[in-house]
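This report refers to the structure that appears directly beneath it.
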């Protein structure tokens, strides 16, 4: 340590000598000679193991969002929220962390992905994994038995993310849920209708919504010979069929989870089937499945669901898929998942495999887990996978080099001559007070060309130009940035004229 300290002092002194020579404008040869000595000393010193270089980056599985990305994000959120509101939903919020006990045992094999926090004064806490379990806790805690709500917030998963596919450790979920005792399948059908409305409005490509029922799966497992204790773990294996082949799933069931090969083969005969209401009818006639009470209830509800989906005009978007399992433990009835059939490929775009873009289902027992008396509140809901949707929209905009407005400014207050800062400040204040979105450049005497250039770059549609002659005449010159057309508008009429010209919704992309 003493040797290192001595070397560090020599490096410091030699560094000062080099700087002094440079200030004195010594000869290049002399400076070169002293720099060589400095480098030799630094080489002797070697790297300092105790001082690691700090890398400035976001944590793994997270990202920053630029103004351009946020503009796209807000547009997507607007589409989603307007749909939720159109269907009569209220909005709630819950803490970003919950008691660890609240989240434990609700997510099956995915429980290992929960972020646990260090003990912060007597309470064991975890970051929320989704918005559904906190919602169920909220219902039980407030003794609510009936609500239609939406919730948009960040959730956290200790996953190994594939960020290029829209998967992160911190990400937004957009949830819509209906809680309450209602007649079968009416709320469930509305959830599927909402899912289809949102995905169609976002124009991200053709999609298909797979539906199944947990009772059908459990009935199928029972008749195939799966032990009760293995239902949930086998369910998690089946849920991987959209990502890997049946052979791989079978190997996992048999090799890792100890299922008999003949039982796995019987499951395979069922889970590789998919279709529409005709498959429901076919399974209702299945000699074994139709004898299972749970499966029969699930098939009966699916038949009714397809009737309502036909009335809603979305039956062609729905596929009854026996491989859909949804790994979360809390589902009790109908489950569904929307997948893109293909990402739209335009000039310069690479196909982007983003998988599921929305999912949900019925969870009638979750609220009862939190209620001291075990009172159940039936619930059904959906979650929109916005991060994956953002990935698609961003890629498309980049490929098309499409301009995205990052502000909503309607008008820039500009001046044509010098010494008009006070007049610009007065006018911009008048516009703000009237509810107009306005800006001005933070310069006393900006050049008119620079002000117009700023409007071009920021996509501001109008410029309100003040000049000495305009002040004498009591008018403001209003210029359209796109057409470059200018008109004189009386100052008292300016607000209405700006509102009239910018009344159309501003396109964000």
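Including glycine, each Cβ sits where the backbone N, Cα and C put it.
What TrEMBL says about a protein is an automatic prediction, not a curated fact.
Cross-referencing 390-417, 418-445, 446-473 with TrEMBL places the feature coiled coil at 390-417. With all protein chains in the displayed structure included, the most crowded Cβ environment within 10 Å among the binding-site residues 132, 173 is that of 132.
The number of other CB atoms found within 10 A of the CB of residue 130 (L-histidine binding site), across every protein chain shown, is 19. Confidence over the domain 'WHEP-TRS' (3-59), given as mean pLDDT on the 0 to 100 scale, stands at 83.
Packing around residue 326 (L-histidine binding site) is summarised by its Cβ count: 22 other Cβ atoms lie within 10 angstroms of its Cβ, all protein chains included. Secondary structure of the domain 'WHEP-TRS' (3-59), assigned with DSSP and counted as helix (H, G, I), strand (E, B) and coil, comes to 39 helix, 0 strand, 18 coil.
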